[in-house]
Amino acid sequence: IHVISYCLTHSVCLFSCHKLQESLLSSNSGYSNYRGVLNWCVVMLVLSNARLVLENLIKYGVLVDPIQIISLFLKDPYSWPALCLIIVSNVFIMAALYIERKLSVGSISEGTGTFLHCINLAALLFVPAGTVLILTSITPVGGVLALSVFTILFLKLYSYRDVNKWCREIRHAKARTLSRSHSCPSVHKANGTTGYTHVIYPANLTHRDIYYFIFVPTLCYELNFPRSPRIRKRFLLRRLLEMVRDSRNSRLQFVPNHFIWLIFFYWYFHSSMNFVAELMQFGDREFYRDWWNSETIPYFWSNWNIPVHKWCLRHFYKPMLVKGVNKLGAQLAVFFLSAFFHEYLVSVPLKMFRLWAFLGMMAQIPLAYFVGRFLRGNYGNAAVWMSLIIGQPIAVLMYVHDYYVLHYESAAESTAA
């Protein structure tokens with residue numbers, strides 16, 4: 001009887017199957033595991049393009065044979081001017097290394113070293129640009145590839161020069177302190193648990209060190225990079241498969257420009273950079289942050305490309321603040337520098353100067369003010385996405401239109417005449 005009475009009294013509790021809770025897709029639920037949705041997107045992307053890839057293979061076969069490309073290049077290397085130009089970039093790398101070696105032993109003064117570095121860095125921008133503009137055999141794609149490599153080298157060697165200069169300044173400051181205290185500098189020590197030797201200046205001025213820096217996915221030089229303990233072969237294989245898959249998807253003509261950009265982002269900043277980092281055992285894998293959640297324009301630009309953001313912050317923005325430039329002026333200078341390189345990488349390979357990329361970047365300044373001043377939360381995030389979805393295709397269409405008018409309509413008119 002006691003049990004029956006208890007059950008009748010607490011029947012609601014015994015047979016209740018409901019509780020106060022939110023749906024998983026509600027923002028208040030706190031749920032964040034959407035891996036299955038991401039896998040669904042990948043599966044749908046692969047399945048939607050598998051038929052087209054299969055039809056192309058059946059109809060055209062394998063159009064690109066790597067062995068034939070290598071043999072053709074070895075037989076006639078001058079028919080690949082962009083690749084030859086990239087190989088020549090080693091001259092500028094060696095110039096930076098030997099200038100630093102001379103500076104480390106005091107063979108040349110700081111003023112002379114700065115002058116030589118300026119010549120080397122200026123040549124990194126003007127020599128490839130002049131070559132691309134003069135040689136008609138360099139295609140726009142080859143020009144973009146070559147100038148991208150030289151732009152990356154420019155940023156890397158600028159950082160290489162800065163960091164070694166800072167090391168010399170620290171060494172001179174320590175030397176003055178040591179001469180007064182009659183103490184000795186510390187010896188080499190282990191770098192964490194990975195077994196790599198801790199390097200101190202000027203022992204870093206070697207071919208191995210500078211070429212490691214050239215190939216790792218970062219623009220900011222350090223004497224001792226964080227290193228991973230081993231190469232994970234399965235991780236490396238996954239990134240390689242993603243690179244191959246995404247590069248095929250990016251060639252599909254029916255994919256809108258915005259989707260191509262998203263595919264490029266994943267292919268380059270996640271798959272490719274992680275592949276290279278794993279291969280080089282480079283430990284810092286923060287190549288991007290959650291730019292897709294950006295509620296302001298500055299947040300997007302400081303989080304979607306972390307290597308460039310770190311370089312701008314370390315070698316351009318903070319030095320300007322130290323020299324007395326206010327924050328607004330330094331921020332405007334960073335946008336101006338970014339606008340210059342965007343235009344440099346588009347106008348020179350296309351051999352036409354329209355300033356659409358430059359103006360598009362500079363237009364981010366009033367847009368950033370408007371979004372930050374009048375929009376918040378989801379509205380700000382929607383505005384950022386709209387600028388990406390609409391802004392980039394418009395700039396691309398402007399260049400495509402002008403390139404077509406310049407190269408095809410003029411040719412057709414001359415043929416008709």
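Numbering starts at 1 and runs along the chain as displayed.
Each residue, glycine too, has its Cβ placed from N, Cα and C.
The number of other CB atoms found within 10 A of the CB of H342 (active site), across every protein chain shown, is 18. The active site annotation in TrEMBL covers H342.
Long-range contacts of the transmembrane segment (78-99) within the same chain: residues 72, 108, 113, 116-117, 120, 123-124, 128, 131-132, 135, 137-139, 142-143, 145-146, 149-150, 153, 157, 160-161, 205, 207, 210-211, 214, each at least 6 residues beyond the stretch ends and with a Cβ under 8 Å from a Cβ of the stretch. According to TrEMBL, the feature transmembrane segment maps to 78-99 (among others).
Beyond the transmembrane segment (111-135), the same-chain residues lying 6 or more positions past its ends with a Cβ under 8 Å from any Cβ of the stretch are 81, 85, 89, 92, 95-96, 99-100, 102-103, 143, 146-147, 150-151, 153-154, 157-158, 161, 344, 348-349, 351. According to TrEMBL, the feature transmembrane segment maps to 111-135 (among others).
The transmembrane segment annotation in TrEMBL covers 141-158 (among others). Here the transmembrane segment (141-158) has long-range neighbours at 80-83, 85-86, 89, 92-93, 96, 117, 120-121, 124-125, 128-129, 131-132, 213-214, 219, 221, 308, 311, 315, 341, 344-346, 348-350, meaning same-chain residues at least 6 beyond its ends whose C-beta is under 8 angstroms from one of its own.
Sequence annotations record features per position, and here TrEMBL assigns transmembrane segment to 252-269 (among others).
Under 8 Å from some Cβ of the transmembrane segment (328-346) lie the Cβ atoms of residues 125, 129, 144, 147-148, 151, 298, 301, 308, 312, 316-317, 320-321, 353, 355-362, 364-365, 399, all in the same chain and six or more residues away from its ends. Annotation source TrEMBL lists transmembrane segment at 328-346 (among others).
Look at TrEMBL and you will find 353-371 (among others) tagged as transmembrane segment. Same-chain residues lying 6+ beyond the ends of the transmembrane segment (353-371) with a Cβ under 8 Å from its Cβ atoms: 295-298, 301, 332, 335-336, 338-340, 342-343, 345-347, 380, 383-384, 387, 391, 394-395, 398-399, 402.
Feature annotation from TrEMBL assigns transmembrane segment to 383-400 (among others).
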